[in-house]
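Here's what Swiss-Prot has on this protein:
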- 56-65: compositional bias 'Basic and acidic residues' (COMPBIAS)
- 100-109: compositional bias 'Acidic residues' (COMPBIAS)
- 126-135: compositional bias 'Basic and acidic residues' (COMPBIAS)
- 170-179: compositional bias 'Acidic residues' (COMPBIAS)
- A49: D-alanine (Ala) (MOD_RES)
- S54: serine amide (MOD_RES)
- A84: D-alanine (Ala) (MOD_RES)
- S89: serine amide (MOD_RES)
- A119: D-alanine (Ala) (MOD_RES)
- S124: serine amide (MOD_RES)
- A154: D-alanine (Ala) (MOD_RES)
- S159: serine amide (MOD_RES)
- A189: D-alanine (Ala) (MOD_RES)
- S194: serine amide (MOD_RES)
- 24-198: region 'Disordered' (REGION)
- 1-20: signal peptide (SIGNAL)
Amino acid sequence: MSFLKKSLLLILFLGLVSLSVCKEEKRVSEEENENEENHEEGSEMKRYAFGYPSGEAKKIKRESEEEKEIEENHEEGSEMKRYAFGYPSGEAKKIKRESEEENENEENHEEGSEMKRYAFGYPSGEAKKIKRESEEEKEIEENHEEGSEMKRYAFGYPSGEAKKIKRESEEENENEENHEEGSEMKRYAFGYPSGEAK
């Protein structure tokens, strides 16, 4: 009986001790929380006084940076997908659009210039180009003929002009011979003496 009594008293004593310890811990914890809150309020007031961002402002800034980072990662992912599937990137689209705008401006400028030329009777760019190409072809042909003429002269061949003169001379001789043969045949047919018999 006394053992049971002692055991109950011991349990009761330990319960009271643990209860007081819990109360003390709770009180200390509450004091720490209060001190921390006071410290935070003081820090907040200091930040406000000296223009530093508050904890809330820091949180907002951090969230904004995280959103920005997520957006950049999304753009990088999209860029990689476009690259993988051969679609132009935002930058490439911008460059292409600028290039198309420049081409369009250039075409409009050329059309305007063409209209001015037409109005004032100047040859167009296309007409100038055709004229220039024609002149270049003519010049090339002349240079080729000069080169051929020099080769003929160097190797003793007659030039195109000399060939033409020679050919005309040969044709005249042939015509003359044919004429003489015809006259000879007429004389013979009508019994006149030929130039040879005369």
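Just so you know, glycine gets a Cβ as well, placed from its N, Cα and C.
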For the signal peptide (1-20), the distant same-chain contacts (Cβ-Cβ under 8 Å, at least six residues beyond its ends) come to none
Give the distance between the Cα atoms of A119 (D-alanine (Ala)) and A154 (D-alanine (Ala)), rounded to the nearest whole Å. 54
Can you tell which of the modified residues A84, A154, A189 lies nearest to A49 (D-alanine (Ala)) in space, using Cα positions? A84
Give me the Cα-Cα distance between A84 (D-alanine (Ala)) and A154 (D-alanine (Ala)), rounded to a whole Å. 67
Within the compositional bias 'Basic and acidic residues' (56-65), how many residues are helix, strand or coil going by DSSP? 10 helix, 0 strand, 0 coil
Using DSSP, how many residues in the compositional bias 'Acidic residues' (170-179) fall into helix, strand and coil? 10 helix, 0 strand, 0 coil
Quick note, A154 (D-alanine (Ala)) and A189 (D-alanine (Ala)): C-alpha atoms separated, nearest Å, by 53
Residues satisfying Cβ distance under 8 Å from A189 (D-alanine (Ala)), sequence separation of at least 6: none
Inside 10 Å of the Cβ of A49 (D-alanine (Ala)), count up the other Cβ atoms and send me the figure. 8
Secondary structure composition of the compositional bias 'Acidic residues' (100-109) [DSSP: H/G/I, E/B, coil]: 10 helix, 0 strand, 0 coil
DSSP-wise, what's the residue breakdown of the compositional bias 'Basic and acidic residues' (126-135) into helix, strand and coil? 10 helix, 0 strand, 0 coil
